Amino acid sequence: MNNSTSSICLSNKTETDVLVWQIGALLFPIVGIPGHLLMIITMLMSNRRRRQPTSLYFIFISLTETIYLLFIFWDWLDAVNLVRDPRQVLDCGFFYPFVRGTGFVSLILFVQLNIDRICMISKPQKTYSYLTRKRILVKIILAFSTLLLFIFHYRFSLHYDSTAFIIYGQSCRVYKYAHRWYYSIWPYIHLICRLTPCVILIYCAVYIFYNRYDENNDRKTSSHRQQQKFSLVLVVVGIYTLTALIPITILQIFNQAMGKYEFECFSCHCIENNIQAKNWKLLNALCIMWETSIYMSKFYIKYLFSSDFRYDVKQVMFYRNTTETTNRT
């Protein structure tokens, strides 16, 4: 069980931010992880999907987001005192790379997938020579290499401390020598690292959407119309991804002020009766859950709006032959 000061403060009074966290950290993994497992199984078991090199993107996106949701669920188990704090087990320097890092890798892979979609649209004659499994695997390995940035950052900056209060990091303290880096430099690097892929993602989605709707209406089939619908959904997903990732990233820029307050506040009563701290905790909880929502929904979005994918999932679930070559979306 976690006997840290943070847990003691939580047990005294269930604040709104704690309730938001406990609901989201339980609901999102329960809903998201089965979807990701179905995505991986479909991409591996469907003969049609297995022949497509881009299926590797979906497999590894689902894998990284599953890891993210598992750590969120582990954090929930700690919040309800069922297991030890993951920050204590792994230390803060390894816990946060698995959360922040896997989320970033998922974003990079999703952006790369849509860049490759643009290549397929703009240069269809070179699709088979450009989009090979080897090339895509190299891109995936490069995306995973960005985890090193997060490992170096958090190992350099944070350490476990059971007396730390929940304001922006439960049971974690920033090393004194890392204050300038953690509070003044890293938040802006992190913002750029997240904002840039989001902008590229929206550009790719708009490009694909424009291309689909710019086709000759007389030549459109039901497959083309479904591709148009899915391209519109992709634009919405891109915008939603931006709005979900940026708020929590911007909040981290202002962590220094709350970090200073946390060091000056040594009791649960002090935190519970400070309106600024309570609002800050609630805002962080809402933004973290908002961000988490994008890591649990990709399977369901693809299932709802892609009849082709929906067909393959049903075929795999009922062990039917999936060698049919019809492409709906």
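Cβ atoms are placed via backbone N, Cα and C, with glycine included.
Taken from TrEMBL, the feature transmembrane segment covers 20-44 (among others). Residues 50, 55-56, 58-59, 62-63, 65-66, 69-70, 72-73, 75-76, 79-80, 282, 285-286, 288-289, 292-293, 295-300, 302-303, 309, 312-313, 316-317 of the same chain lie 6+ residues outside the transmembrane segment (20-44) yet bring a C-beta within less than 8 angstroms of a C-beta in it.
Here the domain 'G-protein coupled receptors family 1 profile' (35-254) has a mean pLDDT of 87 out of 100. Annotation comment: TrEMBL describes 35-254 as domain 'G-protein coupled receptors family 1 profile'.
Listed by sequence, the residues of this chain that lie at least six past the ends of the transmembrane segment (56-74) yet keep a Cβ under 8 A from its Cβ atoms are 25-26, 28-30, 32-33, 36-37, 39-40, 43-44, 83, 86, 95, 98-99, 102-103, 105-106, 109-110, 112-113, 116, 133, 136-137, 140, 143, 292, 295-296, 298-299. Taken from TrEMBL, the feature transmembrane segment covers 56-74 (among others).
Counting same-chain residues at least six beyond the ends of the transmembrane segment (94-115), those with a Cβ under 8 angstroms from any Cβ of the stretch are 54, 57-58, 60-61, 64-65, 67-68, 71-72, 86-87, 139-140, 143-144, 146-147, 149-151, 153-155, 158, 172, 193-194, 197-198, 200-201, 204-205, 208, 234, 241, 245, 291, 295, 298. Summarising the annotation, TrEMBL assigns transmembrane segment to 94-115 (among others).
The transmembrane segment annotation in TrEMBL covers 136-156 (among others). Distant neighbours of the transmembrane segment (136-156): 53-54, 56-57, 60, 92-97, 100-102, 104-105, 108-109, 112, 116, 175, 178, 181, 186; these residues of the same chain sit at least 6 beyond its ends, with a Cβ under 8 Å from one of its Cβ atoms.
Sequence annotations record features per position, and here TrEMBL assigns transmembrane segment to 185-210 (among others).
Sequence annotations record features per position, and here TrEMBL assigns transmembrane segment to 230-254 (among others).
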